[in-house]
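Peer 1: Below is a structure I'd like to ask you about.
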Amino acid sequence: MEYRRPEAAKVQEMDPGEKRLNELGYKQELRREMTLFKTLAISFSTITLFTGITPLYGSSLLYAGPASLVWGWVVVSFFTWFVGIAMAEICSSFPTTGSLYFWAAHLAGPRWGPFASWCCAWLETIGLVAGIGTQAYAGSQTLQSIILLCTGTNKDGGYFAPKWLFLCMYIGLTLIWAVLNTFALEVIAFIDVISIWWQVIGGLVIVIMLPLVSLTTKSASYVFTHFETAPNSTGISSKPYVVVLSFLVSQYSLYGYDAAAHLTEETKGADKNGPIAILSSIGIITVFGWAYILALTFSIQDFGYLYDPSNETAGAFVPAQILYDAFQGRYHNSAGAIVLLLIIWGSFFFGGLSITTSAARVVYALSRDEGIPFSSIWRKIHPKHKVPSNAVWLCAAICILLGLPILKVNVVFTAITSICTIGWVGGYAVPIFARIVMDEKNLKAGPFYLGKARRPVCIIAFLWICYTCSVFLLPTYYPLSWNTFNYAPGAIGVGLSLIMLWWILDARKWFKGPVRNIDISNGKV
């Protein structure tokens, strides 16, 4: 029987994440080469320091002034920890690429598992693909401001990119991310390691330098206690309503930490390192994000001038105007503002790259389980690079289609942001709710286990997610018109109705959720 000993030794040396994957019925197909640091880098890059705060900072500041914006980050961060802790526990038990929808299937049980995984998979797919669009749009917006300041300013004949060029920048970024994601995962991991240092060092530079460069800074009482509405600009006079809307920047920024879960089949020791990456990402972004908001707010020179269409940045991008005012006031040129905007633009670039990686992994996992039309195409792995390249290009194509209305519609970013948040965060709710109602004895706990605390943690997380999705359906400006109407409710409603109709008429007959590709009883693959 000695010939069996090498085999036994091999089994003992198997990565614990791969062992758990096999127990769940999946064979190891993707390369398991990601370390904790690389997984954390991708997860952190998906949340990112700048990409959530920067594009919505101006509108959130306008709704209710600085105090509501600053303290809103603290409130949202507090509840985000409940969501992150609930997801970390589930990730520890189910370290698979399918992550959320796989979790939903197993936690909901054999009766409701297929329906739960169907809903979760499509919500997550919608959110992630729209998430690529948010990064491409905001990255193009930042590049638009960089071009404007490099060629002069809005007052000095600078070039403000028209809609057709804006769309070209949007498409160009999407295509670059798709090309980079077609290469081996090591390339993406290397770029994302650069990303985490880019954002940490760049974030420190902006947070420290901006208040120092500004000729004057706002008082602490203004930043932390000043509250004012702008009914003439927003059309909203209700104080509770504007406070709710001022929190949107924080709610939009503080998610995406599930990216670590999408990479668990490629991460060493995923049952431990996946949860660590999720919680570490939340901790880093909570601290750095608040510091970034404070740096911008303390450095405001003239609140009203930030939104003036005749100012140097055409009133189109409030953070750009804050940076310009600081450096122009101190050094009488905009070179420093351009450099800091390039740092912010780099953050959008890295964020879009990471979200493309996550979106492709979700599409691949869903295709592997026959949950998408023409699944045989989208689940193919590149023979050389071992990445789901077809899924990457499907996500890029859909993202480009989402951006086409840029040519005619002025509220594209509002709609894409809402769709992204509702889909992405809404996908979190399904497995968390299933975790609340499941029988505890049916869970094979991983190294990260909440025990008796799991129910209160999950209930708070679930209610917070429901609230977050609800507020992104609200109108953000009044009176309502084609230029101010938030059409996300209509888009989400139509999309989910078609998905549910497909389920009722056809998919429920054949979709069974995650499909095993290992026969555990006899060891066959």
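If you go along the chain as it appears here, the first residue is 1 and each next one adds 1.
Positions of Cβ are set from backbone N, Cα and C atoms, glycine also.
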Peer 1: Write down the single range among 36-58, 105-127, 128-150 that appears in TrEMBL as transmembrane segment.
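Peer 2: From TrEMBL, the annotated transmembrane segment range turns out to be 36-58.
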Peer 1: Would you mind listing the long-range same-chain contacts of the transmembrane segment (413-437), meaning Cβ under 8 Å and 6+ residues beyond its ends?
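Peer 2: Contacts of the transmembrane segment (413-437) (Cβ under 8 Å, skipping residues fewer than 6 from its ends): 55-56, 83, 86-87, 89-90, 100-101, 103-104, 107-108, 112, 116, 119-121, 123-128, 130-131, 133-134, 137-138, 141, 251-252, 255-256, 258, 402-403, 454-455, 458-459, 461-462, 465-466, 468-469, 472-473, 476, 486-488, 491-492.
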Peer 1: Do the transmembrane segment (337-366) and the transmembrane segment (457-478) come close, with at least three CB pairs under 8 A (pairs 6 or more apart in sequence)?
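Peer 2: Between the transmembrane segment (337-366) and the transmembrane segment (457-478), contact is absent.
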Peer 1: Does the transmembrane segment (70-91) come close to the transmembrane segment (387-407), meaning at least 3 CB pairs under 8 Å for residues 6 or more apart?
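Peer 2: As far as Cβ distances go (cut-off 8 Å, pairs 6 or more apart), the transmembrane segment (387-407) and the transmembrane segment (70-91) do not touch.
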Peer 1: Which of 164-190, 196-215, 276-300, 484-505 shares the most C-beta pairs under 8 angstroms with the transmembrane segment (70-91)?
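Peer 2: Comparing 164-190, 196-215, 276-300, 484-505 against the transmembrane segment (70-91), the winner is 276-300.
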